[in-house]
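If you check TrEMBL, you get these features:
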TRANSMEM  40-58  transmembrane segment
TRANSMEM  79-103  transmembrane segment
TRANSMEM  123-145  transmembrane segment
TRANSMEM  157-180  transmembrane segment
TRANSMEM  200-220  transmembrane segment
TRANSMEM  241-264  transmembrane segment
TRANSMEM  270-291  transmembrane segment
Amino acid sequence: MSTSKPVPASGEIGSFRLTNVPPELYQAYVFETIGGSLSLIPYGIAVSLFISCVKSLVLSLRQAGLTLNTRPKLLHMTYLCLIFTMGSLFTASGVWILIYLRLEYPLYPGGPLGWELDHYSHPILNLGNSAYILTSWFSDGFMMYRCWIIYSEGPGVSIVLLLPGLLYLASLASGILLLYQTSLPHESLFSQINFGLLNFSIAAALNILLTVMISGRLYAHRLRMQRLLGVGHSPLRIYTSVIGLLIESSAMHSAFALLFIIPFSMGHPLSQFSLMLLGQVQVISPLLVSYRITQRKAWTRSTAHDMNTLASGIVFDVVQSKSETQCSVGTADG
């Protein structure tokens, strides 16, 4: 709602776009504006999840007291604070781009986006880039840990995690190169030597691989329990439900990574839209898993032990009942 007086119409109908924004940049300008605005919605979700997780952990620490057994919870809380802080810094940088540049540099050659590309090494832009890369590292590292938890009850877990581990190291190296490149004057994500495409491709490959590995393992456990107990009768189905599979495997992160890397590799302006959302999703995904952990609905090392114990008990009961049946048949024949 505006309180200003209407300007009399001149009778001519024309374009009211910024004349200093060239056509090849205009779509990217629009997508960046829309993506930056919509990214505040998932940031609000991240705030709610962070508060819920911290409240649950604080309550648990108060009940248990500070002992050696509470150290994992303290580490978990530290991790949550770190990734949420990085996500908040990324959001603050995005809001600065969304508001300040559009107010101060609307007539800059190329518009606000042109100023952003020409001054990509600006401290606030560097802050956002650094926060994004650190958030990506924290998110991928957490999912690596979750993958280790889910595979830890089986043999050869180190071999299983070899490829994800190598991809994670490559992501660290390419991320450092990307941060160095974007901190230099007149360099950006769209420079001729593009470390951005390398880093984003490795991160997307790692996310997709971890999603497939985690969801595949949990789905195998789901089928195993259904085969032994029947559909819908497993006491452990809370860990292997469809929602649980999607959250535990960070499927949302992988989907948004593809939504960004495909148009970015093609040079399509849609990447400006999905980059802002991806920065929020890679915070929300580990927060969703953390929330399930605080609610004791996430997969743990004891879950695998309970599942194996339950399966062994069922097999033993089946074998015992067959033996009793055979004995009763033999007695009747005698």
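For all residues, glycine too, the Cβ spot is worked out from N, Cα and C.
Unlike curated entries, TrEMBL annotations are predicted automatically.
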Other parts of the chain folded back onto the transmembrane segment (241-264), taken as Cβ under 8 Å at six or more residues beyond its ends: 139, 143, 146, 150, 196-197, 200-201, 203-204, 207-208, 210-212, 214-215, 218-219, 222, 270-271, 274-275, 277-278, 281-282, 284-286, 288-289, 292, 297-299
Outside the transmembrane segment (40-58), six or more residues from its ends: residues with CB under 8 Å to it: 73, 76-77, 80-81, 84, 87-88, 91, 95, 277, 280-281, 283-284, 287-288, 290-291, 294-295
Ranked first among 123-145, 200-220, 270-291 for CB pairs under 8 angstroms with the transmembrane segment (79-103): 123-145
Chain residues in Cβ proximity to the transmembrane segment (270-291) (below 8 Å; excluding those fewer than six residues from its ends, i.e. six or more beyond): 28, 31-32, 34-36, 38-39, 42-43, 45-46, 49-50, 52-53, 56, 76, 79-80, 83-84, 86-87, 90-91, 94, 132, 135-136, 138-139, 142-143, 146, 247-248, 250, 252-253, 256-257, 259-260, 263-264, 298
